[in-house]
Structure formats: C-alpha cells, structure tokens
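Before any comments, here is the structure.
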Amino acid sequence: MASCTLLAVLVFLCAIVSCFSDNPIDSCWRGDANWDQNRMKLADCAVGFGSSAMGGKGGAFYTVTSSDDDPVNPAPGTLRYGATRERSLWIIFSKNLNIKLNMPLYIAGNKTIDGRGAEVHIGNGGPCLFMRTVSHVILHGLNIHGCNTSVSGNVLISEASGVVPVHAQDGDAITMRNVTDVWIDHNSLSDSSDGLVDVTLASTGVTISNNHFFNHHKVMLLGHSDIYSDDKSMKVTVAFNQFGPNAGQRMPRARYGLIHVANNNYDPWSIYAIGGSSNPTILSEGNSFTAPNDSDKKEVTRRVGCESPSTCANWVWRSTQDSFNNGAYFVSSGKNEGTNIYNNNEAFKVENGSAAPQLTKNAGVLTCILSKPCS
C-alpha cells in the first residue's frame, strides 16, 4: 500500500516537472511544494537581460489585506502603501482581492509584488501599474486587465518623492520609464485601454517571461518614439510567453535597442507579430508562429518607416530555430549577429521553436496551493 502511494506521488510530481523541465525559470522554483516558506527563492530564477532583478529580496514581507486605495495617503494594509515604501519589501496577499486603483500605482524600487497563493486582480476599470526611474522590481502572479485611462492629479510616488502632480495616463497595464533590473513573470494581461506593457525612456535590463497576453490589440511597446535615440541602450528579453488568443500586434513593437524574443508561442495575429522602427536589433529564436488564415497577414514581421527596401536592409532582424505554421514567415535582414548576447548570469538555453507550445503551456498566473507545487 505504501509503495502504491509513493508511486502515485512520484507520478504526480513527474507530471508537474514535465510541464516545465525545459523552461529554465520554472525549473528553478516550481518543483518546491514549500514555495510559501521560500518565496524569495524566486528572485534567483530570472534569465535574460532582467536576470539581476532582485525585487524585495532580503527585505521584510508586507501583506496586503485590503483592496482600498487612497492615491495620496494610502492606509497600511493596502497595495499602494506597500508599493511606495522606501525599504525593500516582498509584497504578498492575505486573500483573493479585486483592486480598482483610483490613480496609477507608482511602484518604488526594491519591491516584489507576489500574487502566489491568492487570486489577485488589478485594473477592473481603473488605472494600473507604473514604474519611473526605479530599479529592482519583480511582478509575479497578477491578473491585470481592464486598465483604463487616468486623469491628472496628485499621487504619492514614494516616501522619498512624496505627493506630486502627475499627468493623465493612457491606460497601459504596466508602464516602465527609465527603469533598470525589472522582471515581469507569470502574469495574465488583457483588455486594457492602450498597451499591456510599455518599456520606454532608456529603460534597460528587463525580462518579460511566462506571461499570457490575450484579448488585446496592441500588446507590447519597447521604445518611446522614433526621435528618442536614448533608447539605443535598451536591452529587453521576451521569453516563454503565450501571445493569444486574440492578440493583434506589437508582440513586441520595438524602437532602437536590442530585443531577444525567445521560445514564445504565437497564436494567429490580426496585423503582425513582431515589428519595429528606428533600427532596433531583433533576435527571434525558438519561437512558434501560427499565422492567421488571411493570406495578406502571413508575415511575422513589420518594418515601419522604410521609404524603400534599402532603408531597412541593414536592420538586424534575424530568425533562428523558429517554427512557422499555417504559412507564417519571417523576413530577415542585416548581418547575422548570432545570439551570444548575454553574460554568464543572463544566458539561458533556448529550445527549437517546435517546443515553444510545451514551454509556454503554463504561461500566465499559476495556481499555487499551500504544500503543493504551483501548477
């Protein structure tokens, strides 16, 4: 009887491990049934350009107990209170919460917002998450949807910066401006007024991984504008994400910078999958692209601002080990840079694109129950 029980446990664990055995992020932590007692282990698991993001590791735990939101004088127990503290904090949630913010939530540096163990929804018709000139932020396990525009008004930016007037915002789910060392992992994002993720204004050292992007037209913008050349320093890794169903374009759309797009799974798009302007370097590796049935929309790529084919001929857009389905195709250009772009701490193994559907099958928010591995 005991041997049968042990066998059942082993089969169960093997079934879990098989879901992420080749995903280097998930294999770092998801097999731990005691994840709740070792939450900060997560900070050791990022890969790519955002692998140095420590979030609130080494700091205290802060527990969100209330969905209330006061943009100017947040109460202890609310998400805004924890997010705006100056010290390192690992923010967790005591219960399931639906949070409708009254103004964008400015997240101070050295913060992890960790939704594991609760069902956390942010948005719900209000504005959403904002980072400006901060470092070391991790967002994990959040449902972010229904993000709306905000009006101008006063907001507590952080304890140090105090309350300041801010302009109206466009309704992005996650906005990053001039940030470094940020990791966005295992979130589910959809249905917002503008984009789901914006990384702009010389942000760099960002990894966007294991997220599920769906039911949204303009998904991800990397780079502020065609005249903002400071984004040449931008380095972003986009890996192990599920795009779709019903994701239209900008997965991502880049300006300047170096973008590594690896082992993502793309459902059919409505316009294009990967695009850009202003000579970004885009290295597409090990992705699975399934084109829409529309014969005019089979191309994965879209180049913007090319007055003639020669204008963009030197842009480095390369496809390696990608898998193409239903007539999808990638138009490469520029010299072959290879993918030796990382230092030892950032590098990770990229599988062939045929493996991307399996690697991304658990993208988005996971179910995390005490004493069981997250699934």
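Cβ from N, Cα, C; glycine included.
Just one of Asp170, Asp226, Asp230 is listed by Swiss-Prot for the same Ca(2+) site as Asp194, Asp198, and that one is Asp170.
Bond annotation: of Cys306, Cys368, only Cys306 is listed by Swiss-Prot as forming a disulfide with Cys312. In Swiss-Prot, Cys28 is paired through a disulphide bond with Cys45, chosen from Cys14, Cys19, Cys45.
Taking the C-alpha atom of Asn110 (N-linked glycosylation site) as reference, the shortest distance to any of the recorded positions Cys45, Cys128, Arg250, Asn293, Asn352 belongs to Cys45. Other Cβ atoms within 10 Å of the Cβ of Asn293 (N-linked glycosylation site) number 9 in total over all chains. Ranking the recorded positions Cys28, Cys147, Asn148, Arg250, Asn293 by the distance of their Cα atoms from the Cα of Cys306 (disulfide bond) places Arg250 first.
The most densely surrounded of the disulfide-bonded residues Cys28, Cys45, Cys147, Cys306, Cys312 is Cys147 (count of other Cβ atoms within 10 A of its Cβ).
Among the disulfide-bonded residues listed here, namely Cys45, Cys128, Cys147, Cys45 has its C-alpha nearest to that of Asn352 (N-linked glycosylation site).
Cβ packing within 10 Å was compared across the recorded positions Asn178, Arg250, and the lowest neighbour count falls to Asn178. Considering only the glycosylation sites Asn110, Asn148, Asn352, the Cβ with the fewest other Cβ atoms within 10 Å is that of Asn352.
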